[in-house]
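Pulled from TrEMBL:
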BINDING   B:G39, B:G40, B:R61, B:N156  substrate binding site
DOMAIN    B:4-237  domain 'Aspartate/glutamate/uridylate kinase'
SITE      B:K7  site 'Transition state stabilizer'
SITE      B:K222  site 'Transition state stabilizer'
Protein chains: 2
Amino acid sequence: MEISVIKIGGNVIDHPEKASEFLRAFAALPGYKILIHGGGVLASRIGKSLGITPQMVDGRRITDAKTLEVVTMVYAGLINKQLVAQLQAFGQNAIGMTGADGNVVQSVKRPVGAIDYGFVGDVVAVNTDLLASLISQSIAPVICAITHNKQGQLLNTNADTIASTIATELAKSHTVNLFFCFDRAGVLMDEKNDESLIPLINEDIYEELKRDKVIHSGMIPKLENAFEALHKGVNHVWMGLPENLHLAVKGKNAGTTIQSLKYGLF
Amino acid sequence: MEISVIKIGGNVIDHPEKASEFLRAFAALPGYKILIHGGGVLASRIGKSLGITPQMVDGRRITDAKTLEVVTMVYAGLINKQLVAQLQAFGQNAIGMTGADGNVVQSVKRPVGAIDYGFVGDVVAVNTDLLASLISQSIAPVICAITHNKQGQLLNTNADTIASTIATELAKSHTVNLFFCFDRAGVLMDEKNDESLIPLINEDIYEELKRDKVIHSGMIPKLENAFEALHKGVNHVWMGLPENLHLAVKGKNAGTTIQSLKYGLF
């Protein structure tokens with residue numbers, strides 16, 4: 001079967017009207033679909049109210065025991081359940097999950113190297129049977145950025161990585177398209193100008209854009225991640241605005257499509 | 001099939017070692033099983049840290065919008081996911097859910113009468129098909145005390161009522177036993193003495209105990225709830241200590257069994 005794996009970023013989560021508009025569109029999308037979400041600013045805000053100061057090392061958040069409790073409450077509790085309740089209202093049956101639920105995404109605690117990230121997980125396995133079973137019953141899994149190590153420990157996990165790992169694992173037996181919805185029209189020549197959209201990126205274009213510093217910092221891991229998914233059998237990767245997702249799912253290019261030159265060899 | 005519906009109270013949730021011991025026993029129970037849990041003192045504690053003062057009317061908690069956010073975070077996030085992660089560690093596959101997930105428990109907001117309870121739900125429907133499908137895949141649903149109205153609103157809902165409604169709905173097509181684990185050995189003649197356990201209660205015994213004021217206050221709705229479940233087709237209702245659940249599931253009377261004199265007429 002053909003499956004859309006869709007990841008939404010904090011910019012959707014943080015704005016109730018945007019989230020509602022997105023969820024209405026998600027519910028109306030044809031075919032089988034899985035939603036992955038992170039946290040947005042809500043976790044930091046609630047953490048602060050609870051007296052927990054975010055600890056950052058090299059711009060990356062450290063997840064200590066208290067922070068893990070906050071992200072578990074906010075991602076798996078508040079955000080996940082509000083998303084699911086709204087999808088139900090739009091007529092889309094959905095089940096909210098962490099990686100622990102149904103053992104759907106298993107990870108290992110990141111080894112302590114130069115930096116100790118704390119309770120952060122790197123994905124090692126996906127229960128594709130359960131995901132396939134749910135979507136074939138027209139139930140959309142809504143998966144948040146919390147996984148587990150199958151030894152009782154919950155772990156904070158990057159939502160982009162969860163999305164691409166789920167997509168690549170499902171791609172072993174299904175046709176999978178991967179969609180990243182964020183706060184830009186796609187990958188841009190000039191990051192301040194949505195008009196400067198680059199509609200298509202392949203490995204050659206990517207190397208050129210990277211060399212010319214058009215693509216830099218946070219976009220590099222996002223695109224590396226996308227190519228890795230393509231090389232592992234994902235059909236298409238798309239990045240763009242949540243409000244253009246319905247066009248992208250229909251194959252219209254209303255964002256940036258990432259394609260592999262090696263496509264077809266796999 | 002034969003299904004055990006098991007509800008655990010705050011006394012288990014609030015003590016990590018007790019919870020862990022209980023979950024190990026739950027994982028080892030034979031047969032099909034569903035776990036229902038409430039919140040314990042954690043929700044009040046986190047609410048207080050966030051500056052939310054519990055509002056009580058006639059000893060009952062009022063759920064305003066902020067309180068609903070807290071209970072959603074704590075019940076559906078922190079507690080539910082810790083329970084699920086631990087069950088996975090004990091080799092028991094499980095999926096944590098609110099009533100919104102898979103539309104498993106639908107409710108209506110309680111009408112405003114003499115008291116406005118706020119965002120509190122009364123159960124109106126249970127998706128028994130999904131529950132039966134999960135348990136037949138050896139996945140235990142772990143359901144917390146949050147439901148939804150299918151119009152996008154999450155609602156705080158009594159966990160005892162969720163447990164007995166799920167049990168009675170499943171009893172329409174399965175053999176269902178209902179177990180309430182709490183902080184007493186069962187129903188007691190003298191509530192301060194676990195030795196004064198009443199092993200068996202039927203309607204006649206119940207009326208007598210109520211008349212003699214042995215059963216009063218909080219135990220009355222619990223037993224009314226139990227008899228209602230029995231009259232609606234539940235096979236057995238049991239109340240006792242979580243550590244005796246494994247005996248009760250095997251039919252040994254290590255708590256109070258509630259039985260109906262009308263049993264067999266249904």
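First residue shown is number 1, and so on along the chain.
Just so you know, glycine gets a Cβ as well, placed from its N, Cα and C.
Everything TrEMBL records as a feature, shown here on the structure.
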residue	record	DSSP class
B:K7	site 'Transition state stabilizer'	strand
B:G39	substrate binding site	coil
B:R61	substrate binding site	strand
B:N156	substrate binding site	strand
B:K222	site 'Transition state stabilizer'	helix
B:G39, B:G40, B:R61, B:N156 excluded, remaining Cβ within 8 Å of their centroid (substrate): B:G38, B:A43, B:S44, B:V71, B:V74, B:Y75, B:A145
Per-residue Cβ crowding (10 Å cut-off), top of binding-site residues B:G40, B:R61, B:N156: B:N156
Neighbourhood of B:G39 (substrate binding site), C-beta criterion under 8 angstroms, separation at least six: B:G10, B:I13, B:V71, B:V74, B:Y75, B:I79, B:C144, B:A145
When distances run from the Cα of B:K7 (site 'Transition state stabilizer') to each of the binding-site residues B:G40, B:R61, B:N156, the nearest one: B:G40
B:K7 (site 'Transition state stabilizer') CB neighbourhood, other CB atoms within 10 A: 26
Per-residue pLDDT averaged over the domain 'Aspartate/glutamate/uridylate kinase' (B:4-237), given as an integer: 94
